[in-house]
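Over in TrEMBL, the protein carries these features:
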TRANSMEM  7-37  transmembrane segment
TRANSMEM  116-137  transmembrane segment
TRANSMEM  191-215  transmembrane segment
TRANSMEM  222-238  transmembrane segment
DOMAIN    230-382  domain 'O-antigen ligase-related'
TRANSMEM  268-285  transmembrane segment
TRANSMEM  406-426  transmembrane segment
TRANSMEM  432-448  transmembrane segment
DOMAIN    524-685  domain 'Glycosyltransferase RgtA/B/C/D-like'
TRANSMEM  569-589  transmembrane segment
TRANSMEM  595-613  transmembrane segment
TRANSMEM  620-636  transmembrane segment
TRANSMEM  721-747  transmembrane segment
TRANSMEM  790-811  transmembrane segment
């Protein structure tokens, strides 16, 4: 028998004996083995068969033995239901759920061997996790002893890291994990295999070490923890691990934020982030200076890392492309590489890193791995498990009055949150990650006050306004801002508004708008262009700068609708309403476009919300604020901004009909105040423009772009009266069905109660929303000229209507369900609703996330300026004028293909001639005229020029 095999067997038997005979000792052995991960040093018998694996299998055997004994015992005692009671422990339940879903996902694997091996690893982790959860929860001192032991182990690893550094820098000797980076300091990995994993362990323990320093009651202990922390911190820096640094930075900011929250409430968080911004400003300014030594130092230090950073971004794109194909259960746990190899982004990645073809590259992201390999179900299970573990720590860190408990819990929560943020760019499929995670989770459950159940803690956070707003912020930010500037601007409107904003920045004239040089543009007021110009000053003349205004107001509109829905119907209705609006495809699409309509919709909705508040809050502030928002809406899209007045007037008329006491001279006074405050906002610019251009401004700004559009089908925009029903159906899609269900039910209820005055008054909310929707719909339907995006102001009202209806259905259903409490039922209902909405949006993503339709043309136009300069004229075959105006700084001429051929035919052969045309047309021209040369082909388009005599 080979010696290594004999050692393997003896080690395995030793692990089994220790686990069965002395479980406490096995835990400390586990900590030691969890850091002996260098495959060259510690693999036994075969590659990657490390000592830690034997101990983990021993835990599986122990758990199986205990399970058999337990089952025999409860069956004899007739207590089989006790098994269900054991499973109800939240951490155990959620961990087992994650294990089951990862197992089910293997159905879609493309590498069954790799998937089963990884699943066996996670099975061992799950078993170990269940054992540790049962063993540790309730034993605070035991948990702290284990964590302190881990800290000592990491301290020794750090000292070994100094030895590595010394041996390499003095003698060029490499032992263990050390990455010698040319012209830079080596990256220290101690006895780990992956330097980033080592850095993560250091960064995850460092906050706890710092807290132990703070809570130590003697100088001797404080000096001890200071002595431990300094080498750990220095070696963390020497790992040069960006993911570990992210972990450390996020954990530090989170911990400081928790302390400020305890002292100052939510203002504390604002203070922390304000401080970060203030500190960042001089650094950003210094880095933006191209001659700055600081900039040179940063670029020199990080340039060798940029390929790695870009590769991680490509992997993230790949994970999402796999998820798009396998949205429910993913492509199979452990099968990322095989699926990634078939994605659209894979050729780019392998072109950058050909060695990855032979190494089965992992996802390198906790979240991307979960999303791509186990789909939405697996990601949800992971979030549930992490949520059940993190919330007790957060609760204790914020609410506990025991200093030691809240400081330790705060450090653990901060470290884990930092780990999860770093996990966007790296994955940690190793035992040390799960050991530390479960230790921290167990501590949170142990120090949780006895009078607080985990259910109460979850309810406290889940139902809080801050949590709902945070959820909506994260979801909205992802759906609206991701890849916002990726595509080039689309003609006509996007490129026109962007060019006007660009001209403002270049010329300094922010009053008179110009699109085509030397021609005044009268179509719209300038507020949107002012805001876009401000972003262009900071971000440059880019698609991102052009679109970010609309994106920010789309983001704000989602939060505003939540606030509106909550004010009218409660949190559940507010959340559902905001989600419905966010996943309405046209609202989301135009939030990502450089168009005026979403920004206008925000101001209109804000004006209506302010008006609604003014009906219950008699302060003069609200009518004034409503007028300000109307004024801003007018300054964004002209007379469309006055729509709230129509809604207000019709609602006041309804109140008058039912003889409501709210209708009084005060109401009329408020409307007048609203109008005056709006006029103060929108009149100055209009008066200025009239003073400059007189009747020309009136004729073009109002007569043509308002009256003519309303009464005639100009610019081929005429549509039938009911056309917007089809538009709304296509945009709201599944929510349109809910709208169709809500309308007859609401109308029937209103008709039934209309004869009773008291009930009729109680239905004001529904009447108000109906008036809002009907007025917007009729206003745009009456107009002869119609475009898809005109109806966007309808969607907030429709979302509120649907949100109210669905929340009532959930409330009604929860009253009928007997096997589940109200909170759990509502939580599950909202989760299922959100899940359905997101998956449905994924299947219809092409309605929102389109390709770069004119990217080839835009890039070639820009390439012409770069290669040939701006003095040479550029001839453009079948390319839209707005595109040319925005993307070239030089002269250009738009022409048809026949005219292009004539110009080439009669070209003198001496002067320069540069043109862009379709690839097929270019090929035809180059066959006829051999002196035509290709500069660049991009997609179906070609940039060519005539080679002239020198």
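Glycine residues also receive a Cβ, built from the backbone N, Cα and C atoms like all the rest.
It should be emphasised that the depicted structure is a prediction, and the values quoted were computed from it without experimental measurement.
Taking residue pairs at least 6 apart in sequence, the transmembrane segment (406-426) and the transmembrane segment (721-747) share fewer than three C-beta contacts under 8 angstroms. Within the same chain, the transmembrane segment (790-811) stays apart from the transmembrane segment (7-37): fewer than three Cβ pairs sit under 8 Å, each pair at least 6 residues apart.
The stretches the transmembrane segment (191-215) and the transmembrane segment (116-137) do not meet in space: the count of Cβ pairs below 8 angstroms, excluding pairs fewer than 6 apart in sequence, stays at fewer than three.
Same-chain residues lying 6 or more positions outside the transmembrane segment (7-37) and placing a CB less than 8 Å from one of its CB atoms are 44-45, 49-52, 54-55, 57-59, 61-62, 65, 135, 146, 149-150, 153-154, 157, 190-194, 197, 201, 430-432, 435. Beyond the transmembrane segment (406-426), the same-chain residues lying 6 or more positions past its ends with a Cβ under 8 Å from any Cβ of the stretch are 144, 196, 200, 203-208, 210-211, 214-215, 242-244, 246-252, 254-255, 258-259, 262, 312, 316, 364-368, 386, 389-390, 392-394, 396-400, 433, 437, 440, 443-444, 447. This prediction places the mean pLDDT of the domain 'Glycosyltransferase RgtA/B/C/D-like' (524-685) at 94.
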